[in-house]
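Below is one structure, written out as structure tokens; comments come after it.
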Amino acid sequence: LLSIIIFHHTLPKFFTIMFPFFLIFLSFFPFTIVFSSHSCTTSTSTKTFEKCMPLPSQDASIAWTFHPHNATLDIVFFGSFISPSGWVGFGINPNSPEMTGTRALIAFPDPNSGQLVLLPYIIDPSVKLQKSPLLSKPLDIHLLASSSTLYGGKMATIHNGATIQIYATLKLVSNKTKNVHFVWNRGIYVQGYSPTIHPTNINDLSSIATIDVLSGSQAICHNNFLTLKNVHGVINSISWGVILPLGAVTARYLRHVESLGPTWFYVHAGVQLSGILLGTIGFAIGIRLGQLSPGRVYGLHRNLGIATFVLGMVQTLALFFRPKTTNKFRKYWKSYHHFVGYGCVVLGVVNVFQGFEVMGEGRSYVKLAYCLCLSTLIGVSVALEVNSWVVFCRKAKEDKMRREGLIGSSGKFSGSSHG
């Protein structure tokens, strides 16, 4: 970005058009997850708890009592349905703050009787990737008791907005009470006894909280994880998805502007090195995110990211082995440089769109903002390409007429004088 500013006076005016789109694009990314301001309660119709906390999404909350002498946790989750045939789930992930690996209790209407049922489920990676239906199985944690009830008592019915309470009694490991990862969510319908995938907007994907059940405070590790994930998306979208394509455009079209001289090369190199630097930071953050979520696998996104990063590094290192213009290997180096460069740009853009799907932003304004940036750049490139061909054809025609003697070296028509 600094390189773009430094060379701004040498760039055509069309590049300044991209700046507002960058701002729009950045404005759609939430860098922090702010907790909801709705209240919580420690009292239910059957039990009173010591502590409560509003959760950051879906207007949910929890209340609990922790018994230090035997490390037992009594807890109730307050959630709501979004469909009469939907489901509401709540659970604990014993390893990391994410959905994959969660030991959950999921409530939904029984497909046969219509009555509320509560069943245990383990959310494994195959469910996350939708390779197999989610089937009920016993939990491998110390679940001592569980139950669920609809707000309103026995006469209550399941409908859109119906409030549910899910109770559980768990035995925790005595030295692992500071970072208990709570996960919750809700879906639209159930196939048999198999809950289907929940909505994937930012509100549903942020349904995780890490809490110190002993003190009642919220741990910051999950906020950091979400912030890291958002920063990863922003940096990679801008670097691989915008700056590198912009650098390719500068190389293709500025080099033919004779008034710039060799300046076009420094502009191109500055833009590309800025993109590679940011992309390397984004790639490193992605590696760290993978370490923080060992149960979550995004094979295609990861493989595309590795391939893009490798091509970007190879392209950058090739700059140090650039032959002189008089070297006979120069033409081979140029072919290699173009092939690897365009390959890196294409893979980077494809992986940006793949990243939107991974983050659940496939139909969001964030993706729309990026599409506006990319389409603007493509439109400008098409216009410049057409202009280049017009100039090329005009010069070719002039050269042909000059060879045939129809015009002189000054570009004026030549002819015989008759006196």
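Glycine is no exception: its Cβ is also placed from the backbone N, Cα and C atoms.
Caution: TrEMBL annotation is automatic and unverified by curators.
Feature annotations, reproduced from TrEMBL:
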BINDING   HIS232, HIS268, HIS301, HIS337  heme b binding site
DOMAIN    58-187  domain 'DOMON'
DOMAIN    194-393  domain 'Cytochrome b561'
TRANSMEM  14-35  transmembrane segment
TRANSMEM  231-251  transmembrane segment
TRANSMEM  263-285  transmembrane segment
TRANSMEM  305-323  transmembrane segment
TRANSMEM  335-356  transmembrane segment
TRANSMEM  368-393  transmembrane segment
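Projection of TrEMBL feature records onto the structure.
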{"residue": "HIS232", "record": "heme b binding site", "contacts (Cβ under 8 Å, 6+ apart)": "GLY282, ILE285, GLY286, LEU289"}
{"residue": "HIS268", "record": "heme b binding site", "contacts (Cβ under 8 Å, 6+ apart)": "GLY247, THR250, ALA251, LEU254, ARG255"}
{"residue": "HIS301", "record": "heme b binding site", "contacts (Cβ under 8 Å, 6+ apart)": "ASN351, GLN354, GLY355, VAL358"}
{"residue": "HIS337", "record": "heme b binding site", "contacts (Cβ under 8 Å, 6+ apart)": "GLN315, ALA318"}
- Note on the structure: Of the listed stretches 231-251, 263-285, 305-323, the one with the highest count of C-beta pairs below 8 angstroms to the transmembrane segment (368-393) is 231-251
- Taking the residues HIS232, HIS268, HIS301, HIS337 listed for heme b, what is the greatest CA to CA distance in Å, to the nearest whole number? 28
- Message: For a three-state summary based on DSSP, what are the helix, strand and coil counts in the domain 'DOMON' (58-187)?
- Response: 7 helix, 63 strand, 60 coil
